[in-house]
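Structure, as structure tokens:
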Amino acid sequence: MVRRIASATPMVQSPMSPLGTTYCVRPNSVSMNLQRRPLVIASTDEAKVTIIYAGLLIPGDGEPLRNAALVISDKIIAFVGSEADIPKKYLRSTQSTHRVPVLMPGLWDCHMHFGGDDDYYNDYTSGLATHPASSGARLARGCWEALQNGYTSYRDLAGYGCEVAKAINDGTIVGPNVYSSGAALSQTAGHGDIFALPAGEVLGSYGVMNPRPGYWGAGPLCIADGVEEVRRAVRLQIRRGAKVIKVMASGGVMSRDDNPNFAQFSPEELKVIVEEAARQNRIVSAHVHGKAGIMAAIKAGCKSLEHVSYADEEVWELMKEKGILYVATRSVIEIFLASNGEGLVKESWAKLQALADSHLKAYQGAIKAGVTIALGTDTAPGGPTALELQFAVERGGMTPLEAIKAATANAPLSVGPQAPLTGQLREGYEADVIALEENPLEDIKVFQEPKAVTHVWKGGKLFKGPGIGPWGEDARNPFL
């Protein structure tokens, strides 16, 4: 059993170690654990301030600036403006300096799934067939790739994001900020049910009323029926560390035997889910395709709608009136259409084909109507997330600047009151910043080339750039 180092634990350091590393020996019931802990040594030449000069600065919300500069002090953006207007106190301080062609906020993907499933399975059975340890290993790689590709934040809407976020936050692995729902909530015979397996098998693993001794209840799905079960389901996700609650409010594509046009959960169940989430200062994100599910989710008070395939003018006006975020997830549809449904069971492929055109029309209509939109792909960490920017422009009808706003400034709205102060290059915001060698306003597909992302700062720390190792470490000393 591996445990974190406690401050009271005796420390033993090897004075001859060339790694400058402190070790902790901690006994437990299984073994004597030898753990490495970075030795932090104060340095008089340590950079206190980072100054980035940019030929073009895209703020996330607002017009781009030419010949601009941005100053990071610790983790916070301290100055944004003309290169000529940098306060002298920053120029006099100890600093690291970078000059880049294009600077902008780090990207968000607002609809991810931290499943880490085995590719051998092509339906929901993979969630039960894959060991969580294997899932975690795959997710660690994907999170590293995400940061290298310029994605500094993910919203996970069904998966192990709560658990992976802890490993990222304590520095065990490298990845974006992760804001997770924990398990997605589904009714029996709903979008989160696994129709290929016996009901007892599914409920025994994912049923909210069936926790086993020693079981964390930390799967990607949670089956609940009735107001008391859904109330408990919300509380269990918050116990895991969920920053948002995800509910399956209509049938879906990947669930083999349900109908995307039909609403799921009763109005009373949806109301309790929203109320219980609000009690803990969380919003609810609803998976919806058909209008019945869309309207039920809106009436219940859900603040983020996913897919929204059969939306119309009535829906768009209600979303604007109530300040509801629209996350279309066009990428997953385009990917399956291009591959002729490769990887889908026949029932899912038929459903996707049936709703693909309506989904696109709804997306285009929402953009024209002025609904607030954030971008999400419905894929996994490290996947082709930048495709969503391309489809927002080429299929949805956004301008490149609008697509960037949807992937940056609008994105924190997807976690409601739990949102960090990020997504924009503004003074006082967290320094989640990326640099590009090409102008995305001229070619939105530039985000699809990882080499085009030359620098990545997350929370003010440089994770990708000259002199930085592949895991965000100082290449001169990988343990600092």
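From the backbone N, Cα and C atoms, a Cβ is placed for every residue, glycine too.
Cβ neighbours of LYS246 (active site) (same chain, under 8 Å, six or more residues apart in sequence): LEU157, ALA158, SER181, GLY182, ALA183, ALA184, LEU185, VAL284, SER285, ALA286, HIS287. Swiss-Prot lists LYS246 (among others) with the feature active site, giving similarity to another entry as the kind of evidence.
Contacts of ASP378 (active site) defined by a Cβ separation under 8 A and a same-chain sequence distance of 6+ are given as HIS111, MET112, HIS113, GLU306, HIS307, THR329, SER331, VAL332, in order along the sequence. Marked as active site by Swiss-Prot on the basis of similarity to another entry: ASP378 (among others).
Annotation comment: Swiss-Prot describes HIS111, HIS113, LYS246 as Zn(2+) 1 binding site, evidence class similarity to another entry.
A sphere of 10 angstroms centred on the C-beta of HIS307 (Zn(2+) 2 binding site) encloses 30 other C-beta atoms. DSSP assigns HIS307 (Zn(2+) 2 binding site) to a strand in the three-state reduction. The Zn(2+) 2 binding site annotation in Swiss-Prot covers LYS246, HIS287, HIS307.
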* Asked: Helix, strand or coil at HIS113 (Zn(2+) 1 binding site), per DSSP?
  -> coil
* Asked: Residues near the Zn(2+) 1 site, HIS111, HIS113, LYS246 excluded, by Cβ within 8 Å of the Cβ center?
  -> MET112, ARG155, ASP156, LEU157, ALA158, GLY159, SER181, ALA184, SER285, HIS287, GLU306, GLY376, ASP378
* Where does ASP378 (active site) sit by DSSP, helix, strand or coil? -> coil
* Structure fact -> CB neighbours within 10 A of HIS113 (Zn(2+) 1 binding site), counting all protein chains shown, number 22
* Asked: Excluding LYS246, HIS287, HIS307, which residues of the same chain place their Cβ within 8 Å of the centroid of the Cβ atoms of the recorded Zn(2+) 2 site?
  -> HIS111, LEU157, ALA184, HIS191, VAL247, MET248, ALA249, GLY252, SER285, ALA286, VAL288, LEU305, GLU306
* Asked: If you draw a 10 Å sphere around the Cβ of HIS111 (Zn(2+) 1 binding site), how many other Cβ atoms fall inside it, taking every protein chain shown into account?
  -> 30
* To do: Provide the number of Cβ atoms within 10 Å of the Cβ of HIS287 (Zn(2+) 2 binding site), excluding the reference atom itself.
  => 32
